[in-house]
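For reference, the structure is listed below as structure tokens.
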Ligand code: SD4
């Protein structure tokens with residue numbers, strides 16, 4: 001039971017969170033004045049810097065946030081050095097590179113693919129699912145068939161480096177994710193020198209606001225390295241790895257997808273922002289749900305959330321230290337910010 005002191009403290013905290021949100025009597029957050037709207041793009045991890053630059057080109061020329069996030073995440077998807085997204089991603093335990101991605105626009109439209117093989121840009125397949133079908137999600141062979149029917153080229157996504165790392169991992173075949181390896185991975189000149197079982201996971205989640213004030217988001221990954229064939233993480237699941245509500249803002253996640261799915265993480269972050277939480281406070285609360293439910297598990301895993309509200313305010317929070325995100329605006333280009341963390 002709450003004692004009086006704790007109650008006063010939590011009431012005060014709630015009040016200040018509501019003050020941040022500036023809600024109207026109807027409970028809705030009033031939209032910002034159109035003249036205050038400035039384009040912005042944010043994304044997870046170090047590789048977000050290059051991805052944001054590509055997205056920014058679209059935003060600065062008056063393009064739609066949806067196009068910006070698609071173009072933005074194409075950068076890590078096509079980069080063979082990035083072993084956690086798209087081409088060059090680390091395979092599952094059977095040697096298949098299987099990709100998960102989803103995209104969501106300002107109208108609440110969304111599309112997703114999971115367990116997609118042989119296609120360098122799963123995000124664009126997800127967008128086509130959104131735009132050309134009455135469905136939200138296609139998986140596995142069906143997603144591949146749909147991609148091929150729509151002109152995508154079948155390619156081998158397993159690079160020599162990733163194959164070598166997988167073969168190294170097969171020697172012990174021990175699935176032991178090591179947290180905080182994510183942001184070290186990308187910059188490594190010779191990543192295969194890391195012991196195979198140290199490859200963890202890493203995802204790009206991107207959120208953007210365009211000059212009309214509309215928000216869209218994208219999330220794409222090769223998922224957990226050496227996962228069971230058929231395993232799907234949070235990244236292609238709307239509400240878990242990504243959620244956008246144009247009245248409120250957007251959120252995305254990275255880290256151990258199972259915990260994000262269990263807590264419907266990104267939807268939770270957006271709903272907390274709707275209630276008046278700042279982006280960082282909303283991300284922190286979502287992280288705290290994971291920690292409260294499974295404190296022992298949480299000690300050894302990483303989950304990070306990144307959020308952007310309708311006013312262009314952003315924030316992040318992760319379980320462990322080491323999470324970073326990139327921000328690109330008119331004033332700040334390529335800024336990389338360490339996310340705050342519980343530990
Ligand atoms: C997954 N959430 O497949 C993804 C992986 C990830 O940072 O985000 N890693 O569970």
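Keep in mind that glycine also has a Cβ here, set from the backbone N, Cα and C atoms.
As written in TrEMBL, here are the features:
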- 1-25: signal peptide (SIGNAL)
- 203: active site, nucleophile (ACT_SITE)
- 231, 232, 233, 234, 254, 255, 256, 257: substrate binding site (BINDING)
Cα of residue 233 (substrate binding site) to Cα of residue 203 (active site, nucleophile): how many Å, rounded?
-> 11
Sequence-ordered list of residues in the chain of residue 232 (substrate binding site) that lie 6 or more positions away and have a Cβ within less than 8 Å of its Cβ, or none, is 100, 114, 115, 139, 223, 257
Kindly point out which of the binding-site residues 232, 233, 257 have a C-beta less than 6 Å from some atom of ligand 1.
-> 233, 257
DSSP on residue 254 (substrate binding site), three-state: which is it?
-> strand
Residues with Cβ closer than 8 Å to the Cβ of residue 231 (substrate binding site), same chain and 6+ apart in sequence?
-> 92, 223, 224
Would you mind pulling the longest C-alpha to C-alpha span across 231, 232, 233, 234, 254, 255, 256, 257, which the record has binding substrate, in angstrom?
-> 16
Taking only the Cα atoms, work out how far residue 255 (substrate binding site) lies from the residue listed as 'active site, nucleophile', in Å, as a whole number.
-> 8
Out of these recorded positions, 203, 254, 257, which one has the fewest other C-beta atoms within 10 Å of its own C-beta?
-> 257
Across all chains shown, how many C-beta atoms besides its own are within 10 angstroms of the C-beta of residue 234 (substrate binding site)?
-> 32
Whole-number Å distance separating the Cα atoms of residue 256 (substrate binding site) and the residue listed as 'active site, nucleophile' is 10
Work out how many Å separate the residue listed as 'active site, nucleophile' and residue 254 (substrate binding site) at their Cα atoms, rounded off.
-> 6
Least buried of the binding-site residues 233, 255, going by other Cβ atoms within 10 Å?
-> 233
